[in-house]
Every structure is written in C-alpha cells, then in structure tokens.
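J.: According to Swiss-Prot, the record shows the following:
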MOD_RES   Ser45  phosphoserine
BINDING   Arg72, Gly288, Asp289, Thr321  substrate binding site
BINDING   Asn74, Phe75, Ser76, His77, Arg114, Lys200  ATP binding site
BINDING   Asn74, Ser76, Asp107, Thr108  K(+) binding site
SITE      Lys263  site 'Transition state stabilizer'
BINDING   Glu265, Asp289  Mg(2+) binding site
Amino acid sequence: MSQISRTQSIMATTAQEHLETGGRINWLASLNTAFTPARNFRRTSIICTIGPKTNSVEALNKLRDAGLNVARMNFSHGSYEYHQSVIDNVRASVAAHPGRPVAIALDTKGPEIRTGNTAGDVDIPISAGTVMNFTTDEKYATACDTQNMYVDYKNITKVIQPGRVIYVDDGVLAFDVLSIKDDQTVEVRARNNGFISSRKGVNLPNTDVDLPALSEKDKADLRFGVKNNVDMVFASFIRRAQDIKDIRDVLGPEGKQIQIIAKIENRQGLNNFAEILEETDGVMVARGDLGIEIPAAEVFAAQKKMIAMCNIAGKPVICATQMLESMIKNPRPTRAEISDVGNAVTDGADCVMLSGETAKGNYPAESIHEMHEASLKAENTIPYVSHFEEMCTLVKRPVSTVESCAMAAVRASLDLGAGGIIVLSTSGDSARLLSKYRPVCPIFMVTRNPTTSRFSHLYRGVYPFLYPEQKPDFDTVNWQEDVDKRIKWAVTRAIELKTLTAGDTVVVVQGWKGGMGNTNTLRIVRADPDHLGIGQME
C-alpha cells in the first residue's frame with residue numbers, strides 16, 4: 001500500500017493531491033463536496049462558554065465527547081463561587097477521563113459605559129424623535145427618566161461630538177447627538193422607539209474614549225485567575241498596546257504563562273490593531289460589540305483583515321459571537337450559521353467560539369457537534385500548499401532557527417506525504433510556528449508542561465500530548481535516549497487515537513539539548529508499532 005493511500009485513509013486530503021492540483025481556483029473547482037473527512041482530525045479548536053446548563057461534570061463530559069477544547073468563563077456574570085465551581089468541574093472531568101487536555105479561559109468584563117438606574121426601576125419608554133439629555137450628574141444616577149438619562153462615563157462630554165451616534169442596550173436604541181450643553185450634559189434625539197431599563201450598556205461608535213484597560217473588578221478577577229492557574233485571559237475592549245502591558249503587570253510573575261488574547265470590539269482597537277498584535281499573545285475577533293461600534297457590513301472585511309494579519313504574525317486568532325445563535329432554542333442551525341463557521345475557518349481562524357449556545361442553550365452538545373462538522377468540511381476546502389508557499393514569501397528574513405526548522409518540517413511533510421509531524425516542546429513555541437505554516441497533516445506536540453499542553457489548543461492543527469513521565473536527570477540519562485522514548489510514545493498514542501496510521505512517514509522536530517529555544521533538528525521516522533525506526537534515518 002502506498003504512502004499516499006495510507007495517509008488518505010486518515011486525512012481529509014493528501015499533500016500529493018494539493019501539490020498536483022495547482023492554484024486555489026483549480027483546487028476549489030476540483031473539490032469532492034460529498035467527501036467525509038476523518039472524524040478524529042479536526043484542526044480548528046472549539047471554545048465553549050460554560051453556563052448553568054453545562055456546569056456539571058456529567059455535562060462537561062458530554063461537551064468533551066462532542067469536541068470541546070477550551071472552557072470559557074464569562075466574568076461579566078456570576079460570582080467567584082460560581083466560577084470556582086466551573087474550574088473544579090472542568091478539572092474533575094479531565095481527571096476522570098484524561099484524553100486530550102482541556103484549557104480554561106477567563107473572559108474579563110472589561111471597561112464598560114452603562115446607564116444609571118431608572119426611577120422606580122421601571123422601563124422608560126422612548127419614542128422616535130424624543131429629545132432628551134444624557135448626563136453625568138450624579139443626582140440622576142438612580143433616578144433616570146424620559147428627560148435625563150445618567151451615564152457613568154464622566155468624560156463623555158469631552159469625547160463626543162454633534163452628529164455622532166450613541167447606542168444603548170447593544171444597539172436596540174440609537175440616539176443622534178445634537179449638542180454639548182455643558183460639561184455634564186449631551187443633548188440627543190432618539191432615532192427609534194423602544195425602552196431603556198436600568199444599567200444598560202452604552203456604545204460610542206467612531207469615538208476615541210479614554211477608559212482604563214482594567215477596572216478594579218477586572219484586576220480582582222485576574223488575580224482570581226492567577227490563583228486558579230487558568231490558561232488564558234480573553235481581555236475585553238482592548239484599545240491600545242498599553243492595555244495588554246497593563247494586564248501583564250496585574251498577572252505578574254506567577255501568571256507569566258497565562259496567554260493574553262486581545263478582544264477587538266471597537267474602532268479604536270481596529271485602528272490600533274498592528275501595535276496590539278505585536279504585544280498580545282493572540283486575538284479574538286469579537287463581532288458582537290464590534291458590529292455595534294462599526295457598520296455591520298464592515299465587520300466582514302475587518303474579520304478577514306485581522307485574521308490574515310494574525311496568520312502572517314503566527315499568532316492565534318479566535319472568531320466569536322453568534323456563530324450558531326439559533327441553536328440556543330433550535331436543534332439545528334441555519335445554513336447561514338454553518339456558512340459563518342465555515343467562512344471563519346477558511347479565513348484562517350485557529351479557533352471558533354460558542355457563547356449562549358453552550359452557556360444557556362437547550363442543545364449545547366449538539367451545537368458543538370454542528371460546529372465540529374462545519375469546521376471539518378471547511379478545512380477540506382483550504383489549499384494548504386498554496387497557503388504554505390505564500391507564508392514563506394511573506395515571512396520577514398532573517399528568521400529564527402526555530403522558525404526555519406518549522407518551515408523545513410512543513411516542507412518535508414508535504415514532499416514526503418507525511419502522516420504527521422511530531423514536535424517535542426517545552427514552551428509550545430515550536431508548535432505555534434509549525435501551525436503558522438499550516439501543514440496538511442496533524443502536528444503532535446509532546447510536552448511535559450501541563451500548561452503548555454492546554455493552551456496549545458489555541459494553535460490550529462496542534463494535537464497536544466502531555467507526556468506522563470517526569471524529566472530525568474540528564475547526568476545519568478542520555479538526552480537522545482529520552483527524546484527517542486518520547487517519540488515512540490507519541491507515535492504509539494497517535495496510532496491508538498487513529499490520527500496516524502502504522503507505516504506512515506513522520507517528521508520529527510526536536511532540540512539538540514533540553515530547554516526552551518533549542519529546536520534545531522529534523523528527523524524522518526516511520527510509524528510502525530513493532531519497529532518505529534527511531535535512532536536511524538530512513
């Protein structure tokens with residue numbers, strides 16, 4: 001049986017098919033739309049928000065079986081006791097059924113602008129054409145009415161201008177700014193009918209606001225995350241690179257391994273995206289608030305631009321918000337929602353995210369299943385060789401030794417029709433760079449670091465394997481012997497999981513000695529349970 005035919009039984013498409021088909025258009029024209037990809041090889045990770053419907057070990061087991069990779073906690077809601085229970089339940093689920101690691105993400109509330117409390121805490125009716133005031137006068141903080149609506153952003157009169165728009169309650173109500181009456185009052189006119197309740201969110205599109213990156217609540221939440229060893233922080237309403245630095249300062253040395261993912265949710269963040277990308281560990285295209293702050297039609301282009309910039313930088317990117325929203329109530333998604341997931345995958349997103357679908361929806365496991373299926377199909381449409389060639393032309397030279405090895409490993413995997421790439425990693429950086437070049441085959445990352453094994457779910461195509469044996473004393477154990485032992489273990493495990501077929505060619509990426517930053521060696525071995533060929537070139 002040929003190498004190509006063996007690999008074809010495992011992978012959606014083979015390297016040889018990619019090489020022979022040519023350009024992107026010809027590749028797409030030759031797609032077999034009825035092809036069923038291997039169910040155990042999904043490159044894109046799935047992030048799920050954990051809520052009351054799913055916060056139990058039993059429910060989490062079902063989500064993991066359906067395809068959960070990262071469990072998200074939304075700190076806009078819930079007490080510390082509740083979030084502690086989520087963390088405990090996720091870890092209990094993993095302990096009971098080890099399998100692949102599950103990462104835990106803390107999503108911050110972030111700096112927000114909100115209205116005050118209405119008088120008597122009753123909904124205030126608003127009619128189109130109504131002229132009223134938005135004010136920072138504290139006497140209206142608990143007594144909002146149809147004439148004066150309190151907002152808790154003291155500098156609103158300094159940053160807003162006549163002709164701008166103010167949105168309330170996620171854009172349900174829109175107000176045109178007529179004038180700045182004094183240093184506390186903005187005069188507005190309602191565009192549409194509706195109601196305002198207490199403490200509703202306020203958006204100021206196309207306006208640079210000077211809110212701090214972190215509220216006192218956010219700082220306390222981050223300290224809670226450090227204490228509980230969360231794997232990543234989804235940082236809300238990031239506007240500038242300094243915001244990321246401020247978060248790192250709060251996380252401190254104890255939280256240095258926590259990955260910071262910048263949520264881009266406003267025009268300011270979009271305008272400053274290049275500097276934010278340089279500072280952050282990854283990005284979330286948070287389309288909910290972004291779709292209020294900028295025209296909805298522009299979000300489509302912004303998504304593609306940000307994902308492409310992340311791909312070029314080799315940093316993970318998440319696409320989020322309302323991806324399968326209808327499944328909160330319905331057992332099946334709309335065709336438009338499936339297309340939205342597929343579009344995010346083909347754009348180049350490393351992860352896709354579910355919010356209300358798994359936090360409060362009636363069909364949480366089914367939502368993950370649908371996202372899993374949509375991602376698999378979409379991944380099969382990507383011309384990986386074309387992507388690799390373009391990435392090689394875009395990389396800034398000279399590159400690091402580690403990145404040079406990653407490029408060479410992906411090239412070798414394509415030329416050999418390899419069934420997989422095995423990378424031995426401590427920090428996860430080698431796996432991240434391999435993911436950047438999008439090989440056709442899976443990337444099996446072997447690490448002794450539990451945190452690295454979890455946050456590597458951020459990288460597309462990376463399968464984290466947590467090696468169970470402790471690091472030996474290399475004064476008494478030969479370094480290469482330990483390397484060979486880890487490679488054999490990874491090959492055996494990948495075959496057991498049916499993500500690798502016995503006899504496949506495997507590209508191995510390793511270091512010449514222990515520690516981070518020493519990756520500089522490629523080896524070619526054969527996956528054979530009886531004779532893996534370790535220790536010799538084949």
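Every residue gets a Cβ built from N, Cα and C, even glycine.
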J.: Could you tell me the C-alpha distance between Asp289 (substrate binding site) and Glu265 (Mg(2+) binding site) in angstrom, no decimals?
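T.: A Cα-Cα distance of 5 Å.
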J.: Just name the winner among Ser45, Asn74, Ser76 (the recorded positions) by count of other CB atoms within 10 A of its CB.
T.: Ser45
J.: Among all the protein chains here, how many other CB atoms are within 10 A of the CB of Arg72 (substrate binding site)?
T.: 25
J.: Around Asn74 (ATP binding site), which of the listed recorded positions (Ser45, Lys263, Glu265) come within 10 Å, judging by Cα atoms?
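T.: None, since no candidate lies within 10 Å.
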J.: Rank the recorded positions His77, Arg114, Lys200, Lys263 by the number of other Cβ atoms within 10 Å of each Cβ and report the first-ranked residue.
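T.: That would be Lys263, with the most Cβ atoms nearby.
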J.: Quick one: what's DSSP say for Gly288 (substrate binding site), helix, strand or coil?
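T.: Looking at the DSSP assignment, Gly288 (substrate binding site) belongs to a helix.
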J.: With every protein chain in view, how many other Cβ atoms are within 10 Å of the Cβ of Asp107 (K(+) binding site)?
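T.: Its Cβ has 25 other Cβ atoms within 10 Å.
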J.: If you compare CA-to-CA distances from Phe75 (ATP binding site) to each of the recorded positions Ser45, Asp107, Lys263, Gly288, Thr321, which comes out shortest?
T.: Asp107
J.: Going by Cα-Cα distance, which of the recorded positions (Ser76, His77, Arg114, Lys263) sits nearest to Thr108 (K(+) binding site)?
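T.: That would be Ser76, nearest by Cα distance.
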J.: Roughly how many Å separate the Cα of Arg114 (ATP binding site) from that of Arg72 (substrate binding site), to the nearest whole number?
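T.: That comes out at 24 Å between the alpha carbons.
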J.: Beyond the listed site residues Asn74, Ser76, Asp107, Thr108, identify every same-chain residue whose Cβ lies within 8 Å of the center of their Cβ atoms for the K(+) site.
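T.: Leaving out the recorded residues gives Met73, Phe75, His77, Leu106, Lys109, Gly110, Phe234, Ser236.
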J.: On a simple 10 Å Cβ count over all chains shown, which one of the binding-site residues Phe75, Glu265 is most densely packed?
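T.: The residue with the densest Cβ neighbourhood is Glu265.
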